[in-house]
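Here is the structure we will look at, set down as structure tokens.
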Amino acid sequence: MEERVKHPKEWYLCVVSPISISLAVNMGMEIKAFVSSLFVFVILLPLVFSDSNDGLVRIGLKKKIFDQNNRIAARLETKEGEARRSSLRKYYLHGNLGDPEETDIVALKNYMDAQYFGEIGIGTPPQKFTVIFDTGSSNLWVPSSKCYFSVPCYFHAKYKSSISSSYKKNGKSADIHYGTGAISGFFSEDNVQVGDLVVKAQDFIEASREPSVTFLVAKFDGILGLGFQEISVGNATPVWYNMVNQGLVKEAVFSFWLNRKVEEEEGGEIVFGGVDPNHFKGTHSYVPVTHKGYWQFDMGDVLIDGKATGYCEGGCSAIADSGTSLLAGPTSVVTMINHAIGATGVVSEECKAVVSQYGQTIMDLLLAEVSPEKICSQIGLCTFDGTHGVSIGIKSVVDKENNGKSSGVFHDALCPACEMAVVWMKSQLEQNQTQNLILNYVNDLCDRLPSPMGESAVDCARISSLATVSFTIGGKVFDLRPEQYILRVGEGPAAQCISGFTAMDIPPPRGPLWILGDIFMGRYHTVFDYGNLRVGFAEAA
């Protein structure tokens, strides 16, 4: 039976080749050449493989520059997949298309901006592939030699089962759906080499169809998921599980050090079996995994220049995701951040309509201490399901694509717009702002609403003066300075600067939720402790 899992991916990580060296010594080779080759081997080996003294397995990561070609490809895919993502956004905003517990966060992601990648081998002898080591998914997939009709397959390495002596046929079909497309193929079994470790009898997907533009321009061949088996397509055992089960690592821990220094070629390192003390400063702060599947944990409020936004004061969830370059979070908070840093977004007519028609009413209800969660239902823009507002289906007055006539089509935009306005006004009231200033502020925020899953531009000349954005995790505040959350595209006068924050709304009970990608993990060395089911953060060295 065919397995299907939606993967909302719109960001991607790159993992680059650890150096692989093979020494062949022929009987007729001079001893001098042999000694020279051996010397080079001994010098280079520690750069890539495990250090015999500490028992850790290191995979060197390379990074690529966030460039214009990827942005163009992302926009092409945005146009092609807009209808599909519109339905996804409705689901994530309101939870009205199914059980929110089943929300599949992987399907929202996009690998177009991924920056870190590394090399693995599959088969005997090993066939080399460049992959993203992705803690936000759980399957291993690479292109198949049986991928005949998808153009991206011709630009990447392909697995050939016929030349591997350790290959075993499986054949069960599998699809993985991303926000920007999908890959489909079938399961196979073979040995997988990661550094100097060989994982035996690993199930993986041979991708026989890759229709997405993302995979055409990508610098990686496939993806190696490091999430939990609970989100694995086909319930396949993840590579990391087999590393632990086969006794290949000293501890059931792996860790990421991502080098964010743009002038350096070295991308960082992923360490299997423990933690390298040279990768971080101080000690790690740990939080327990709260929902197996993703590396998910509880977090507190988000601060802008030390001031609480109030959105997560009652608690939010977060995911540490190496397969995501950006920081994705609730539209309400991302909009407040955009306002603070002067990022230009997309004007929302629905947002302005709510402020114009209901702004004063919302303010009055907040001052009357009505529960914020019930305000939008009380004024008739949402229904209240006991925990949060759900769209009641408000008719569109005018269908712009139908010559200005009403089409009777229902849209759900006013409910989330109202809920955002409540969050913004509540935050300003707590700062003792006047009512007129609050209404003007909220109206201005409507202009800062980011494109769903899209980017917002920032003036490069103002980076040094922008706000510090902080996340509260385990009672500790983790700061991000502007130079750490702004992505620069290009050089010199033609350079463009992009906010590292993107909007994504996940409804309760899974949300509200933040996805902390490479921007956060680059600033804070991240430990994934599988043995104790916890995630740890410390300042990166």
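Cβ atoms are placed via backbone N, Cα and C, with glycine included.
Because the structure is a prediction, the values reported are computed rather than measured.
Taken from TrEMBL as is:
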- Asp134: active site (ACT_SITE)
- Asp321: active site (ACT_SITE)
- Cys147-Cys153: disulfide bond (DISULFID)
- 116-538: domain 'Peptidase A1' (DOMAIN)
- 346-386: domain 'Saposin B-type' (DOMAIN)
- 411-452: domain 'Saposin B-type' (DOMAIN)
- 31-49: transmembrane segment (TRANSMEM)
Densest Cβ neighbourhood among Asp134, Asp321 (active-site residues), 10 Å radius: Asp321
Cys153 (disulfide bond), number of other Cβ atoms within 10 Å: 23
For the domain 'Saposin B-type' (346-386), the number of residues DSSP places in helix, strand and coil: 26 helix, 3 strand, 12 coil
C-alpha spacing of Asp321 (active site) relative to Asp134 (active site), in angstrom: 7
Average model confidence [pLDDT] within the domain 'Peptidase A1' (116-538): 86
